[in-house]
Amino acid sequence: MSPSPARSKPAPPQLSLLMNPLPDPPDKNNHMISPQIYKDEPGFFNQASSQTDATTLILKKINALENKLSQRNLPRELTTILNKLCKKIESLTERQKETDKTIRTILSRLDNLEKQPTDTTTTDVSTTPHPVNRTNTAPFSYAEAIMTNPPRSTHQLPKKPTFIPPNLLPLEQNKFTKFSIVIRTKFGATKPFKGKTTQESYNRVNKALMEVNAKYDNVPIRIRAIIKYPSGDIRLFTKTKAEAKWLLENRATWTHLADPFFVMSPLSHPVIAHSCPTFIDFEDDICRNAFLQQNEIEANKVLRIRWLGHPKEEEKSHGSIVIQLTDKTTAQQLLQGGLIFDGTFMQTMPYTPGPHQCFNCLKTGHQAYQCRDDPTCIKCGGKHTTQSCLDSSYVPSVKRCVRCINEDIQRNGNTDKYEDKYRHSCLSQRCPIQQKEIQRLVAITLNHGE
């Protein structure tokens, strides 16, 4: 038999750009691509520097690569890589179209803004933006779009005014500003400077400040004016804010020298301590001093120690105490370190008092100097002050809430004053009427915060 004619070797597949993937090579021989195919081609970066369209340059390089490889058998791995490269080029082309569309939209909006009527006043030519040239059909690049509208420099911004109106000057710079403090008088106490004129009261206060050698930054402190309110409160005017603050913080050192009835307690810094054993009697000097010695607290820095609530009457083993200190540094140290007594550790926290209760009308939410209602006696519930009560049947150890009693009398006409539901103080938070008032104040506060 004559040998069959040799089959002609099929032509190698042609690389199809972008949409047509490369077919599999005819054989699986691993042939390396010779670097010779790149020798005659100019450098990529050299061309990129002279071309504005990067996508067009990439397409030219792919076409050149296709021509070089058209007569070669390609391995499968290289074919796969070239197919992936073609797909990525397709994706980049689509993204470029979207970017060009976005740029055209931005340029059209800028063109509309330029066509809007502007102020007819003369403007500086150097600061006027150049009009956008729309004669070219090719879209602008980002750099070209920015260059057509140069940004304003900082020297073109309005200058900060050098003149400050008098009403905007700081208080310390205004020589006519008066700084003042108000020293409250306890409700029911004798009013200070009673029967004295304003000039006499003014001289008495300055004389008291001279006696205690009141100074701030080695400058003597003197008041500039005084106001006496009908409630007994005193307002003092000073030259600086620091002097007013000194008078308030050191009020206990000089007020009694100005008037015998002008006695004020020093400014206190309250600290609350929890888990304190109730067997400690702070009314006893020996027990009180032992408590202070174990915590290394100077006795002259403690204004008062009291129980929060009535843990002893409620037969509790532990309770909370409130320590009022005259020294701010000592109070801060107690907040950081806590207290101890006979091996018991007590956690300390800043004490925030609850709502004020008026000692005139016994209602919650204001103080006596703000009250405009009729007085209510704590002893008998009559319409007079507690100090002027003449009820001889009152026993301090027997607690009766005159507010609850008066409310039931107004509702029912008569009631038994010695019922168990009245066995609490009208100043205690266990009083149902006071609890309702506190809830109302809390609701008002929350609604105001919203």
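Just so it is clear, glycine is given a Cβ too, placed from its N, Cα and C backbone atoms.
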Check each of the ranges 1-28, 85-112, 365-392 against TrEMBL and return the one annotated as region 'Disordered'.
1-28
Intrachain neighbours beyond the domain 'CCHC-type' (358-373), with Cβ under 8 angstroms and 6 or more residues off its ends:
184-185, 187-188, 231-233, 385-386, 402-403, 426-427, 434, 437-438, 441
PLDDT averaged over the residues of the domain 'CCHC-type' (358-373):
86
